[in-house]
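Record features (TrEMBL):
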DOMAIN    24-288  domain 'NADH:quinone oxidoreductase/Mrp antiporter transmembrane'
DOMAIN    290-344  domain 'NADH dehydrogenase subunit 2 C-terminal'
TRANSMEM  57-74  transmembrane segment
TRANSMEM  94-115  transmembrane segment
TRANSMEM  152-171  transmembrane segment
TRANSMEM  178-197  transmembrane segment
TRANSMEM  203-222  transmembrane segment
TRANSMEM  274-294  transmembrane segment
TRANSMEM  326-347  transmembrane segment
Amino acid sequence: MNPYVLATLLSSLGLGTTLTFASWHWLLAWMGLEINTLAIVPLMAQHHHPRAVEATTKYFLTQATAAAVILFASTTNAWTTGEWDMTNMSNPTATAMILAALALKIGLAPMHFWMPEVLQGLDLLTGFILSTWQKLAPLALIIQTAQAFDPLLLSALGLTSTLVGGWGGLNQTQLRKILAYSSIAHMGWMIIILQYAPQLTLLALLMYVLMTSAAFLTLKFFSATKINTLATIWSKSPMLTTTAALVLLSLGGLPPLTGFMPKWFILQELAKQGLPLTATVMALAALISLYFYLRLCYTMTLTISPNITTSTTPWRTQATQSSLPLAMSTVMALGLLPITPAIMMLVI
């Protein structure tokens, strides 16, 4: 892609998200979301592969549907209340529609069906942008308007997403689909705690972005898209294979890794709010997710690839990727648990 075009698209991505962050008016927020969608569509379709074009079309249709619902709901709310302010959401129908549309935008279950299919059709770097940056603007809107939403509906969305994210990833062999289901499960964790402690939602989002960045950049380094490929990466870079396995366990939420921190805080807060049953179901759903992360770790570290392989021998290919972002995201995805007391002072 032409570097000038790429720079324009990436700056438009930044502009769309920033516009949504800074807006208090529903039309401005909607405009930011639309700029965001239109900026990533050319990035998704840049390889002109039929699967990429199909994934782009699916993504565009779902995002356009969600944007249309947001516009309709905010207009309905403005018609009822006489103002476009986000904080004044007094129309219950409009509020429910906006929550459904924003859930569709970030891929919360049961509006998640587009997410694995779209991610599977993209290359790893565009998938990385879709899994991290594209979640920020809709989540910012959900956090800003959280007080207007029905708590029961938020809890149902959160529980369904963590369970679907766990169950859906069990049967997958494609790494991008596994990361898509991982994303759905993590979004569930963020939504379940939103009504009780929004600061924990932000903490979970930050940790999710760090861990997902490390996972995608590692897979990009190895050009790995299937579980079978993971069996051959040990000979290429043993050290990076070790850290990749630890990053996956961090995504699963195992101590003493970074991913344990947000899950621990969220379960603690749910128990404080008198919801032990919800906390138990969330913890069990995290165990289901942990199974497919362990499956990937097993393939990477405890299996030997076949002697006769038809693929290009991976240790002969030169890596062209910059290693600094990968190193920084990996260190943060593995080693932030010791600063938990400092974070606890800030968020609790």
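Cβ coordinates come from backbone N, Cα and C, glycine included.
Across all of the domain 'NADH dehydrogenase subunit 2 C-terminal' (290-344), the predicted model scores a mean pLDDT of 81. Between the transmembrane segment (152-171) and the transmembrane segment (203-222), fewer than three CB pairs separated by 6 or more residues in sequence fall under 8 Å, so the two stretches do not touch. Taking Cβ pairs closer than 8 Å, the transmembrane segment (203-222) reaches residues 124-125, 127-128, 131-132, 135-136, 139, 175, 179, 182-183, 186, 189-190, 193, 229-230, 233, 236-237, 240, 243-244, 247-248, 250-251, 258-259, 261-262, 265-266, 314, 319, 321, 323, 325-326, 329-330, 332-334, 336, 343, 347 in its own chain, all 6 or more past its ends. Outside the transmembrane segment (178-197) by six or more residues, the chain places 106-109, 112, 115-116, 118-120, 127, 131, 135, 139, 142-143, 146-147, 149, 151, 154-155, 157-166, 168-169, 172, 204-205, 208, 212, 215-216, 251, 262-263, 265-266, 269-270, 273, 278, 282, 285-286, 289, 292-293, 296, 347-348 with a CB less than 8 A from a CB of the stretch.
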